[in-house]
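Pulled the feature table from TrEMBL, pasting it below:
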type	residues	note
DOMAIN	6-129	domain 'Phosphotransferase system enzyme I N-terminal'
DOMAIN	174-243	domain 'PEP-utilising enzyme mobile'
DOMAIN	269-559	domain 'PEP-utilising enzyme C-terminal'
Ligand code: PEP
Ligand code: MG
């Protein structure tokens with residue numbers, strides 16, 4: 001029966017496909033398709049892994065001391081029995097044979113189905129056996145690691161939507177449904193097989209949502225219990241524009257969304273024609289449209305979108321998911337240099353590492369011990385707490401600056417003392433390189449304005465920095481005391497709150513007055529409903545995901561900044577700015 005789930009719209013477009021449920025703890029399991037002629041060897045790989053676990057458990061059983069607790073002996077028996085469980089083994093085979101899933105993916109898919117059956121059991125003893133099943137599967141996954149046939153990884157081409165039929169099992173797009181995905185998990189899916197994402201948790205500007213947007217595929221976050229309500233293999237429509245997930249759609253609904261999807265494709269094609277058009281307003285103002293990237297390879301998307309530079313390289317993604325082995329100077333230098341080379345002489349703004357809060361380095365280091373991670377050791381605070389790590393990054397960035405135009409951007413500053421320490425460390429990084437005789441280049445130095453205290457101390461900031469970049473995602477979070485990653489307060493996360501607009505407007509105005517560069521690199525810059533207001537407030541530089549550049553250019557080309565300036569002042573003076581905002585198309 002058709003039903004819908006409401007969440008937050010984070011990445012545009014419509015995706016229609018079958019649900020793949022992934023437990024958050026298992027997103028790092030490889031997901032890829034095998035070729036039909038590899039089915040037998042994949043099943044063999046799985047059999048070997050299972051036999052290995054059986055051997056291991058039997059050995060454990062044999063070596064068990066005579067006086068071992070009875071429960072432990074019984075537990076090993078249960079585990080051995082579960083390994084032979086027909087539902088598990090035959091189910092996993094089916095995913096491999098019929099869907100061409102790799103063994104790990106097949107195992108976790110079947111595990112999701114069995115886990116649900118356990119959850120529904122009345123008997124508490126049997127319900128608890130779910131944990132045993134998971135432990136057994138974990139052991140098999142462990143044995144599969146290292147024997148993966150990832151080399152054969154193939155992205156399965158999605159069949160055109162109009163050919164979709166309910167009941168099809170092969171060659172249909174897949175959509176990922178999970179309780180939660182960390183930003184690093186999302187990044188793993190960059191080259192993935194999934195046509196869309198749904199998560200139970202997350203706010204509109206949570207980093208998970210931001211990465212989903214950068215993937216440019218439809219996504220809904222904050223869909224509460226979606227991962228409970230959607231079953232493995234259900235047909236699902238993700239409406240990334242409305243923030244709605246429709247489960248088990250009727251053929252009429254399916255046809256309706258298929259139509260919307262094609263409309264969206266046409267709209268994209270129309271926008272693609274603007275790629276080489278300069279972003280100039282009707283009254284002749286030149287507007288700089290820059291790209292936000294997470295990885296050096298993203299520069300390709302930036303160039304393809306017609307961005308005139310990178311306004312924000314979120315360098316922290318180089319640091320994530322590495323079990324604490326942070327990248328060294330040379331590795332970072334190579335990565336920054338690849339970004340600089342990728343932009344062919346256009347400027348690249350590299351932001352120093354901003355981990356913490358909803359961007360843990362990896363799951364193990366997710367510091368739940370801090371009561372308020374968003375107010376804790378994050379971004380520049382984290383860097384200043386570990387000067388040798390920070391110096392490594394600064395040297396790598398300065399070295400990359402020898403190969404092209406590089407701006408160095410510092411996140412989350414609030415205090416004069418932090419500014420001075422940062423500048424001293426940049427000087428020290430230069431001296432280190434001088435001493436080693438290593439080449440480096442000049443950088444423009446910028447600060448992010450993302451804490452209200454910073455927006456209220458502009459004179460201090462402009463004394464030290466060449467340019468400012470307004471991080472509206474955090475500026476809104478900290479001005480309104482709304483956790484940007486918490487869907488339960490997402491309705492209060494308001495870019496049009498008069499206080500937020502005042503801080504943004506004053507920052508732009510003060511930079512313009514002092515002849516310093518200013519841009520917005522938070523999600524507000526890529527929001528078409530905000531473009532005219534920001535232009536009216538005097539903003540001339542916007543940095544956003546590559547996928548949003550053309551839509552924003554479309555707005556710019558139709559805008560007259562002289563007229564917008566008068567209206568923007570009215571919006572700024574209003575107690576209810578939202579009531580003065582026109583609908584944008
Ligand atoms: C911001 O806060 O607006 C910003 C661009 O930084 P991030 O989203 O990475 O915190
Ligand atoms: Mg920020």
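Yeah, the Cβs are placed from backbone N, Cα and C, and that goes for glycine too.
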Looking at the domain 'Phosphotransferase system enzyme I N-terminal' (6-129) alone, can you tell me the average pLDDT?
84
Using DSSP, how many residues of the domain 'PEP-utilising enzyme mobile' (174-243) fall into helix, strand and coil, respectively?
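Counting residues by DSSP class gives 19 helix, 19 strand, 32 coil.
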Please list, for the domain 'Phosphotransferase system enzyme I N-terminal' (6-129), how many residues fall into helix, strand and coil according to DSSP.
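Tallying H, G and I as helix, E and B as strand, the rest coil: 81 helix, 15 strand, 28 coil.
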